[in-house]
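Participant: I am attaching a structure below and will ask some questions about it afterwards.
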Amino acid sequence: MYQIGTTLTQFILEEQRKHAGATGEFSCVLNDIALACKKIAALTSKGDLIGVLGSAGSENVQGEEQKKMDIITNDVMIEALSRGHAAALASEEMDEVYNLPSNIPRGHYLVTFDPLDGSSNMDVNVSVGTIFSIMKAPEGVENPTAADFMQPGTKQVAAGYCLYGPSAIMVLTTGNGVNMFTLDKDCGEFLLTREDVKIPADTKEFAINVSNQRYWEPPMQRYISECLLGVEGPRGKDFNMRWVASMVAEIHRILTRGGIFIYPMDSKMKAAGKTGKLRLLYEANPMGFIVEQAGGMATTAYSRIMELQPTDLHQRVPVVMGSRNEVELVTGYHNA
Ligand code: AHM
Ligand code: MG
């Protein structure tokens with residue numbers, strides 16, 4: 001039990017004390033990420049005042065348009081994590097693994113991140129977020145390569161996100177529940193505002209981009225059409241729908257009041273040779289870890305996301321996560 005108002009720094013140090021022999025390196029990685037998120041929170045709140053909105057005129061490795069802020073926030077993350085506490089970094093916005101310059105002593109942790117998820121929302125002033133995941137570099141590896149990042153989500157030692165909304169909120173798990181820290185801009189600290197957050201097992205709210213409905217697989221068609229039938233249908237209750245197009249905002253809502261978030265596989269992606277929309281290492285695994293730690297469930301609609309063996313740094317997967325009973329139902333429909 002921590003006191004509400006505990007700083008994220010105090011929290012990280014107290015958690016470190018519980019691990020005999022901890023060197024402080026892991027705590028330093030978390031502090032580096034927190035610093036980057038504070039800087040990104042400042043940048044997102046200034047927006048047009050500092051000319052950071054709009055397209056950068058480039059594409060990332062997956063052929064997606066990069067926003068100016070995708071590039072700026074990626075640089076902020078790299079800068080903050082280049083202090084010698086991490087071993088190597090991988091980002092949605094970089095083609096290859098980023099190894100720290102040779103003059104910096106390497107740490108033992110691999111960090112993956114999406115520096116600004118939902119970045120298309122920046123231009124319309126809607127919530128965006130940073131997502132991150134931390135794993136251990138394999139024993140004895142000094143120059144990590146992409147192969148060293150191919151670890152299932154169950155190997156994550158920490159994951160989190162920072163939501164830049166009306167307030168900036170850091171949500172963190174180190175495998176011992178989920179805690180939320182709100183940025184107090186007056187003192188420049190993330191302060192604990194919600195401890196051991198749990199997602200209600202039942203919900204009446206779903207989030208899916210319905211414009212893709214005609215491409216979904218039949219079990220997904222069935223699930224959503226049953227929700228839409230409301231009290232008159234087999235579910236016997238009315239559902240509400242939300243779609244922010246910002247996964248961080250959707251998952252934050254689900255952690256706050258329950259719900260299910262779905263970005264499914266569909267025939268359009270299949271025809272284009274894609275295996276899903278969201279990225280396993282930067283989005284699905286960290287969010288899956290957080291959701292599971294909050295008592296929820298995270299699957300591909302067929303199997304547990306965290307048990308997937310990654311095969312590619314930028315691998316995409318279908319995602320179904322949130323309130324346990326609802327995710328179980330959807331997953332059951334797909335495996336029937
Ligand atoms: P991004 O990492 O390029 O921002 O893409 C991920 C985002 C998610 O945050 C969101 O759930 C999804 O893309 C929205 O997709 P769509 O525009 O197809 O609704
Ligand atoms: Mg993203």
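Each Cβ is built from the backbone N, Cα and C atoms, and glycine gets one as well.
Pulled from TrEMBL, these are the listed features:
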type    : residues                           : note
BINDING : E92, D114, L116                    : Mg(2+) 1 binding site
BINDING : D114, D117, E283                   : Mg(2+) 2 binding site
BINDING : D117, G118, S119, S120, N209, K277 : substrate binding site
DOMAIN  : 7-195                              : domain 'Fructose-1-6-bisphosphatase class I N-terminal'
DOMAIN  : 199-334                            : domain 'Fructose-1-6-bisphosphatase class 1 C-terminal'
Participant: What average pLDDT does the predicted model assign to the domain 'Fructose-1-6-bisphosphatase class 1 C-terminal' (199-334)?
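Facilitator: So the average pLDDT across the domain 'Fructose-1-6-bisphosphatase class 1 C-terminal' (199-334) works out to 98.
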Participant: Out of D114, D117, K277, E283, which binding-site residues lie by ligand 2, with a C-beta less than 6 Å from some atom of it?
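Facilitator: D114, D117, E283, by Cβ distance under 6 Å.
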Participant: DSSP-wise, what's the residue breakdown of the domain 'Fructose-1-6-bisphosphatase class 1 C-terminal' (199-334) into helix, strand and coil?
Facilitator: 64 helix, 23 strand, 49 coil
Participant: Rounded to the nearest angstrom, how far is the Cα of G118 (substrate binding site) from the Cα of E92 (Mg(2+) 1 binding site)?
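Facilitator: About 12 Å separates the two Cα atoms.
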Participant: Could you round the CA separation between K277 (substrate binding site) and E283 (Mg(2+) 2 binding site) to a whole angstrom and send it over?
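Facilitator: K277 (substrate binding site) and E283 (Mg(2+) 2 binding site) have their Cα atoms 10 Å apart.
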Participant: C-alpha of G118 (substrate binding site) to C-alpha of E283 (Mg(2+) 2 binding site): distance in Å?
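Facilitator: Here the two Cα atoms lie 11 Å apart.
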Participant: Based on the record's binding annotation for substrate (D117, G118, S119, S120, N209, K277), what whole-number value in Å is the widest Cα to Cα distance?
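Facilitator: So the binding residues stretch over 17 Å, Cα to Cα.
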Participant: With a 10 Å radius around each C-beta, find which of these binding-site residues (S119, S120, N209) has the fewest other C-beta atoms nearby.
Facilitator: N209
Participant: Using C-alpha atoms only, work out the spacing between L116 (Mg(2+) 1 binding site) and E283 (Mg(2+) 2 binding site) and round it to an integer in Å.
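Facilitator: Between the Cα atoms of L116 (Mg(2+) 1 binding site) and E283 (Mg(2+) 2 binding site), the distance comes to 11 Å.
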Participant: Other than D114, D117, E283 themselves, what residues in this chain have Cβ atoms within 8 Å of the centroid of the Mg(2+) 2 site's Cβ atoms?
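Facilitator: Output for this site, in sequence order: E92, F113, G118, G129, I131, M247, V248, L278, R279, Y282, P286, M287.
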Participant: Test of understanding: give the count of other CB atoms lying within 10 angstroms of the CB of L116 (Mg(2+) 1 binding site).
Facilitator: 31
Participant: Provide the three-state secondary structure of E92 (Mg(2+) 1 binding site) computed with DSSP.
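Facilitator: Where E92 (Mg(2+) 1 binding site) sits, the three-state DSSP reduction gives coil.
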Participant: Would you kindly give the Cα-Cα distance separating E283 (Mg(2+) 2 binding site) and S120 (substrate binding site), rounded to the nearest Å?
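Facilitator: Given the Cα positions, S120 (substrate binding site) is 16 Å from E283 (Mg(2+) 2 binding site).
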Participant: Show which residues of the chain containing D114 (Mg(2+) 1 binding site), separated from it by at least 6 in sequence, have their CB under 8 Å from its CB.
Facilitator: S91, E92, E93, T130, I131, F132, R279, Y282, E283
